[in-house]
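The structure appears right after this line, and notes come after that.
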Amino acid sequence: MIEDSGKRGNTMAERRQLFAEMRAQDLDRIRLSTYRTACKLRFVQKKCNLHLVDIWNVIEALRENALNNLDPNIELSVARLEAVLSTIFYQLNKRMPTTHQIQVEQSISLLLNFLLAAFDPEGHGKISVFAVKMALATLCGGKIMDKLRYIFSMISDSSGVMVYGRYDQFLREVLKLPTAVFEGPSFGYTEQSARSCFSQQQPTQQRSAPDISFTIDANKQQRQLIAELENKNREILQEIQRLRLEHEQASQPTPEKAQQNPTLLAELRLLRQRKDELEQRMSALQESRRELMVQLEGLMKLLKEEELKQGVSYVPYCRS
């Protein structure tokens with residue numbers, strides 16, 4: 001009991017500190033509520049280092065913690081939420097150069113407390129999977145189109161049509177973020193929020209390629225391709241790790257006597273050149289890995305839809 005009360009005290013103290021630092025920015029002097037709210041959320045994003053994380057990093061962390069196929073309405077404990085955030089920020093530090101490392105524990109603590117303030121103000125210690133996914137997708141960095149595609153995939157059915165109830169749930173959760181930074185009067189959720197955007201009678205459909213009929217052989221090919229993509233992903237991760245080690249070695253400071261030795265100076269110049277080449281190579285590998293993640297996500301979704309269709313087709317013929 002004493003230990004739990006101590007943790008709650010630390011949580012409240014860290015939460016107050018974050019909001020106190022935000023108030024110190026004097027953002028309330030911005031008159032337009034849209035800009036004011038955006039600046040406050042941008043402050044939280046940068047304070048937690050989420051601007052360095054894109055949606056593909058978030059998806060990968062969710063998959064590693066087995067949240068990608070979990071029922072969105074299931075509630076997560078604080079410990080499990082903390083594990084997801086730990087994966088995000090520790091993986092971020094692995095991708096960052098040694099000269100730009102972040103304070104992982106501080107980032108985890110700040111973001112955890114902000115999410116609890118936004119989605120668990122009563123202190124029950126539970127946050128839904130859907131709320132976690134929507135919050136991370138909204139607050140992370142990266143390309144806005146990638147983020148919107150991910151969010152739409154969460155609120156649409158398998159045929160790419162938006163489900164009105166899920167969209168309403170999305171607004172209900174995402175508008176808790178402005179409320180957490182004291183902008184609830186301007187952007188709080190109301191029953192008319194979803195109705196003001198779309199009519200329930202008009203389905204909103206995602207533009208997609210023409211439907212393709214998949215066979216069992218095609219499913220096997222997809223599974224094989226997914227396995228190949230996952231292997232390629234692991235190879236790229238190993239290559240990034242190897243290049244990072246070489247990068248660290250190339251960044252090692254030289255002794256003072258090296259400043260007087262022409263041979264060592266020449267080697268130093270070569271090392272710096274090699275360092276630049278490694279950074280470019282790491283950047284290219286990260287981009288290739290991101291493209292692989294996009295392909296993998298699309299294939300997994302297609303495969304899941306096909307399995308659901310086949311399951312429906314085979315039900316009448318199943319033997320007891």
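Including glycine, each Cβ sits where the backbone N, Cα and C put it.
Annotated coiled coil per TrEMBL: 219-309, in sequence order.
According to TrEMBL, the feature domain 'EF-hand' maps to 17-140 (among others).
The domain 'EF-hand' annotation in TrEMBL covers 144-204 (among others). Counting residues of the domain 'EF-hand' (144-204) by DSSP class, helix then strand then coil, yields 32 helix, 3 strand, 26 coil.
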When pLDDT is averaged across the domain 'EF-hand' (144-204), the result is 84
